[in-house]
Amino acid sequence: MSEFYYTYENVIDLCLLNAVLAFGCLLLLGVNLLSLATGGLMAVGAYLSIWLTMQERWPFGPALLAATLAGALAAAGLGALVLRLRGDYFAMATLAFTEVVRILALNWDPVTGGALGVFGIPKYTETWQLLLLLALVVYFVWALRRSALGDRMRAIAEDELAVTASGHDVARVKLALFTASGAIAGLGGALAAHLNSFVAPGDFGFLRSMDAVIAPVLGGVWNLLGAAIGAIILTALPEVLRFSAQLREVLIGAVTLLAILFLPTGIASLPRLLVRGRIAQ
Amino acid sequence: MILQQLVNGLSLGAVYAVFAVGFTLVFGVLNVLNLSQGAVFMWGAYVGLEAVRTLQLPLPAAMAVAVVAAGILGVVTEWLVFRPLQRRGAHRWMGMVGSLALARILIGAAQEVFGTQVVRYPDSALIDATIVIGAARFQGLQVVAFGVALAMVLALGILLKFTNFGRAIRTVAFDETVARLVGVPVGRVRVVTFFISGALAGGAGGLWSLLFQSVSPFMGDTILLKGLTVLILGGLGNVVGALVGGLLLGLVEVGSIVAVGSGFRDAVGFGLVLLILLTRPTGLFATREAKRA
């Protein structure tokens, strides 16, 4: 077991990190919001924490806290502006945010190192921290779903107009969720920055944001662990398929596509489907 | 100087417009973003290039081959991703994720077949005329590309506006149930829409690779983001909006290189999107969407 861990430490860390980010997106998917802001918010947290630890000599803990707050603040500000947009316009506005942040990072050389990126970032992120964070986030989502707010979220997903008409402040619920997901993304960005010794603006672009949204959709939105399962598959699959650099992309795409086509409620539903199949026989 | 930038901006914008018009057409009919469009664009570029390099076809014939091949890829997208999902009544996110997965397959396949290196057209295939007006120098190719792009969009406009099939497409875009009630063959309309959309993406890919002399498996990623920008500028599902939005984005980008330097060029487009969404939440030329909302 420990040998397995030491061999694949980096992959395991990435799986945990991506699972955390996927839960941030899951929160929003729960109220029918598809956010592509993950990459941009991660960049905010990552660069703030890099600057604080490397230039200002802050310890890791306070830097993480600052990154979390910065992510939440950025999300609250962005959300106040774009949350009133409908459906795809919201998704595109959040994508625009991510891209603008990425391009600003690309051009702000003193802090971000420009296109070359920042080298020699101290590795502070430990597996147990990621594991703890994932456990906290899962607990948070679980508790949220059982709470009155969780009921309201389901109602919003079902029929936003009806919830507004019955006197609930839909906008406030959405802003709160967006802020929470921003905090998760900011913290995730800081942890990602201190995971490898190197960070470049390209790490926080469209594909990063898209992967964070795909994970819960792939794993299953209604299953508590669906987002984690999706993230682990999306992260581990490229490693498993390392034997072929190009065919790898084809296979990952094929697996995702097959899952979308044949598992309507996500990969997390696979065991239940198999069991049901056996009983039916 | 200004004339020079104008030509640069318009030829760039025309390619954006061709791509975005196909993009927005599918959105209008299906109400879903087809994220494989960038990969289809890239395949169009490669097919055009290979038609010139290995089949030795003249450039116009090669472009035609690229357009048809990309159109077929568009139909494959419909058949493989969107039709099964639609039949199941799947959530619209599934379409986005599914088409992005297909894009990944297409990009991976292109790497496998063509390699990852940037390739270019042989010089003999190009029009190397340079037009000089006063202090402005531009390539004949830019003018031709602009003309071809405009012709493509215009042809689509005529199809949509004046033919029965165009009316059928617009009816499905308006409301699918209504279309069924008045006897429009919705399935067939969808297939043809995807063919047109793919063909436009392929045409844009061909024009792009001629204008910028580079073809690579990853060229679709940039144009996909540009296409999304134009889609928002023009309003989702708005064909005229996509045309104007594409030209506008081209001009703004070229202008911004002069004003703030090339590093920020891509930020200007997205900054514009944010600005427009905040002031006009359904795009610059909102018509139907506004009514529907």
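The chain as shown is numbered from 1 upward.
From the backbone N, Cα and C atoms, a Cβ is placed for every residue, glycine too.
Annotated transmembrane segment per TrEMBL: B:12-33 (among others), in sequence order.
Cβ atoms under 8 Å from those of the transmembrane segment (B:61-82) belong to residues 22, 30, 32, 34, 36, 40-41, 43-45, 47-49, 51-52, 55, 95, 98-99, 101-102, 106, 125, 148, 190-191, 194-199, 201-203, 205-206 of the same chain, restricted to positions at least 6 beyond its ends. Here TrEMBL flags B:61-82 (among others) as transmembrane segment.
Only residues 6 or more beyond the boundaries of the transmembrane segment (B:143-162), in the same chain, are considered here, and those with a CB under 8 A from a CB of the stretch are 7, 10-11, 14-15, 17-18, 21, 25, 63, 127, 131, 169-170, 196, 200, 203-204, 207, 210-211, 239-240, 243. The annotation transmembrane segment is assigned in TrEMBL to B:143-162 (among others).
Taken from TrEMBL, the feature transmembrane segment covers B:191-211 (among others).
Among the features that TrEMBL reports, transmembrane segment is placed at B:223-251 (among others).
The transmembrane segment feature in TrEMBL is assigned to B:257-278 (among others).
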Residue numbers, six or more beyond the limits of the transmembrane segment (B:257-278), whose CB comes under 8 Å of its CB atoms: 5, 225-226, 229, 232-233, 249, 284
How about long-range neighbours of the transmembrane segment (B:12-33): same chain, 6 or more residues beyond its ends, C-beta under 8 Å? 41, 74, 82, 86, 92, 95-96, 99, 145-146, 149-150, 152-153, 156, 169, 172-173, 189-190, 193-194, 196-201, 203-204, 207-208, 211, 223, 226-228, 230-231, 234, 236-239, 241-251, 253-254
